[in-house]
Amino acid sequence: MGPWKGATQVAPGGGDDVESFGDDKRGCSGWVKRNPVVAAVLITLTILGVIAAIVVPVTCSVHGCPPKQAEDPTLSLYKNAPVRLVAAFLSDVDVADLVPPILKQYTSRVQMALSNLQILEAVDESVLQIVLDEVRKRTDVEFVVRDFVLKAPTDITDPTAASSSSGRRLQQAYTLNDPQLSTTWWFDRINVTGAWRLLNVNATDPQQRTSDVVIGVTDSGAFVNHPDLIGSFWENPAEIDNDLRDNDNNTYIDDVYGACFANSVCSPTSLNSNLSRCGIGKNTFAWNNVNDINSHGTKIAGVIGARPNNGIGLAGVAPNLRQMVLKVVDDTYFQYAYSDVVRAIDYGYAKGARIFSMSFGQDARTSATPTNKPSLDAAATAYRNLFNKYSNALFVAAAGNEWTSLEGWRSGNYTYSPCMIATDNTLCVGGTNVNDTIFYVFAFNQQAGTNFGPTTVDMGAPAHSIYTTDIAVNRNYSAPSGTSFATPMVAAVAGLVLSALGGTGRATPQTPLQIKNILMSSGDLLPSLNNQFKSARRLNAANAVAAALTLARTNRTTVVRELDGSTAAAVGAVTAMQAWEYIWYTGVYTDGAFDNFDPSFRFLDYYVRLSSNMQIGGMRYGGNTKLLVTSHMRVETTGMYGLQVIQSGITRDKWQMSIGENIMYFRWVNSTTGYIDLFFPDPGFYNITIWMYPDYATNLDFKWQSPTDPSYLNRNWFWILNFDSPPAPVNDPNVADKPALWHVAWNEDRQFDTWIYQYGYFQANKDIRRYRDWQTTVPDFNFATGADLRSGLYGTGTAMLNPANYVVYGYARTNLAPRAFSQGVAFRLRGPHTRLFINGQLVYDFQSTSVFQTVTPCVTLASNQSHEIYLYFAAMLNNTAPVGIQWANCSSPNQPAVLSTNYVSFSSALATKFFYSPNPNTVASLPRGFRCDAWAANGSITRPAPNNPPFGTPPNLTWMYPRDCPAGLKVGSECRMGTIMRDLFPSITWNFWNVRCWTYWSGSIKNGVSRAFNLPGVHYQTLAGARTYEMFGDGLNFYNYAPIRTRFASNVYQLFVLDWVALGPLWNRVAAQIVWDGTDNGNSTDVDNFLKTDSSRMILPANAAAPYMWQNVTFVP
């Protein structure tokens, strides 16, 4: 925040340490400091006379006395308001320079640090009006308002205490000992611990900070030494607590937890002002008397951050975050001056706050009058301007407690500020009660409760009997009611959502809207809130965090990928096709929540529906299911669009649609048909999401108007876009000589009935380690007959596990070599049950016992990069068209080739990862056996890193088997894998190591069973890119997934990797690289079962050869 012109600042020590701001020592306070005796007389006897006899005649002679003031200070918003204006200009203008010279000594101004807002204060109303007139004469004024005040909604004391018999949810990970949690009914109702669990909040000490998110509380301050609030406050990293210095040079001394922006001492032009005494820290109250005497802010602080698990009181919603104290309530009139809020927001935003809790407003019953309308309009303009200036922040505002419909305000063109401010970063919060209905009480012969409105109040949160912290004179705890306490509840969850999205550093101007829509769409849908709140939902913390984590992981709801948006390539899609994704869950319908965080529903199926328009139907499943339908809408022409929906087989309360980050609220003209008008500001791809509880007969038919065509029609605008490149595992040396082949792994079965109507089988069983009976490689995966399939998989003379088996099921995997794609490609699939994935994206789901061939839609593939293909299949060896895949170029951008002869093998386009096919002319000279490397590591053997360093990372140790094999493990020219590390490196002293040995191998683990020796730590084995052995931490529990039988073509080798992670402090003396082959019961003396190198079947690329090398390690960063 910039300096006040004409103001002085005094340090806590007294009047001798004076710091001047501005060009000179102007203003009343500066004159008083220089002339204390004269000032005392003038102040007590003649100040009114001076103003009347000098100021007014001078100003009238210069400008003329206006017949009527523009802002009547007796109106409710101006009554007792500071004599200030707030202004912003479109050019570089200092409002102080607009003050007539003769009046400059009666004004002071301050410039906000992070916006162009300026505040000017005058000694009386007549001077202020003259300056306002001067400002309004200019043509470059962006905004100007006379300062005004709002009030906190009156806390409601309800003689009927709320209680709840509902059980605790998701509490198993959090055994909290706060004695009043049984009284804090709202804590479980909004599922706080469910959110904590998703964010991995520490179960023992939930106050342990997990994010940089800070919630700014613009209120009456806080009792910062309350025993249940200690540790919950933001701590200024640039300030040293209790050293009585302004360490960060921002005027405020010891502003460790925040600062005060109200009261006379913190008002820059007051005679008693001294901003340096307005910091808020642990001990500042002892010398600056800044405290929460109102108690409103302390109650809010408990809702947000009361410390859990400390044996007293309650637990707050977001103890893992921090709250910043921004005192804006004047202790004389208990009101919120706009100029003080401006200064507080500027301060808080500069210090990192991106969520602000604002529990104040007007009296909704009495304020909306024609007399008050100019001041209400000015207040609305002021807050709208403020929120737009700080667009990366979300402002959570209270709806008020006057039991008044704000729809009446809207219909009369009134604005209830700040709750009804129409910006994307404002969220208006109403109240609910213990029965999950709208909050209302009749107490002490009067009605009270939340204000409401289906277009004005966004959502609800508990507001009735909110047990929370209080100031000492109120015995430290109380249970007030009102939206003042629903608001910080929502603000706290907004902070949790922001932390799930990546924290403060990831906040952009789009983030507040993302958070707002997540909160509004993830709450519990309550029939009692229909036509009361816009979303008809009550806050659910766990659902909100789950939605945020999904958004953070997938980035699926970005509104515009590229401004041109003309092609999938333009928006960076790796694969694209015109279709819709259907994701199914099964369970029992209860509350109608439109989200995927519902333990009563579990995943059922996932498939792609080949439709380029927006007709949502043909349901694969019905009753007791939940469905998520998604796609991307390509918008080429910006402007206004109309959307019509005609529903059948479903009611409108059983589905919800979002475009981008906005929930669609349709205008329903009857029970089946609704409309909505939408503005698309930019060309590009917009994500569409539809949640529903369907039946088999459910159908939603969406038709669109465009800016160039007013007819409602089905439009072919919808695309599945996949932005994920093929997986790039750490354990891949990425050799150049990749073979053109398919890697096939499969199991056997005796009947095909297992797959009839098992639509979701291959989606639910995508773990490739499930298919381990057999593995082989084939040059092409397309078999005309069952005999061809049997021969391709088993070769000649190999028997199946059971002669009665005739079904094979598993996967065929390969990689397309980088190439240019000038047009889309389509794939022809053969077989009764196939699922095609490209780069992890499901492209086609096919199942039929009568039709054995189909064609996928055109798929757009990004050029000049590898693409990974998985074809999951279930095939019958007695079928005439058992299984296969071919491809063809599309005949037009979105039209697959029609002729069967267009579809051909694409084996020549393959370069399969994790396999090696060396040049036959040089294979004899290649190194054999294992290459091993080790890296010194930091960390703990109980929490090892998940993977070793990537290939190519320079090691500290290098050796090779069998070349460097200890004598006791040699078997002729080969080596048993059982080396005690001290035998190789007796002088190494570093405790923790990551070790990797690797080779390309044409063999396989005997019987698919292995075991490894390791002191507490981790051991992995990986074959052909699949982790086939895992042992975690304790050296005892292990899991085998290796294929049992292997048949590879000549000169084909699969990548085999052995990883040890964090061997432990005894590795140099007793740890060994023991790997047993074919048994899981080995011991250190069972050398005959050690894995043994095989130089005829284990081969390495030429660049893998390396000399024995060691270096002692003294430091690891």
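The backbone N, Cα and C atoms fix where each Cβ goes, and this holds for glycine too.
The structure displayed is predicted, hence computed values, not measured ones.
Database features (TrEMBL):
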- ASP219: active site, charge relay system (ACT_SITE)
- HIS296: active site, charge relay system (ACT_SITE)
- SER484: active site, charge relay system (ACT_SITE)
- 211-523: domain 'Peptidase S8/S53' (DOMAIN)
- 1-22: region 'Disordered' (REGION)
- 37-58: transmembrane segment (TRANSMEM)
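Feature annotations (TrEMBL) mapped to structure.
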{"residue": "ASP219", "record": "active site, charge relay system", "Cβ neighbours (10 Å)": "29"}
{"residue": "HIS296", "record": "active site, charge relay system", "Cβ neighbours (10 Å)": "26"}
{"residue": "SER484", "record": "active site, charge relay system", "Cβ neighbours (10 Å)": "31"}
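A gap of 7 Å separates the Cα atoms of ASP219 (active site, charge relay system) and HIS296 (active site, charge relay system).
SER484 (active site, charge relay system) sits 8 Å from HIS296 (active site, charge relay system), taking the C-alpha atoms as the reference points. Confidence for the domain 'Peptidase S8/S53' (211-523), expressed as mean pLDDT, is 92.
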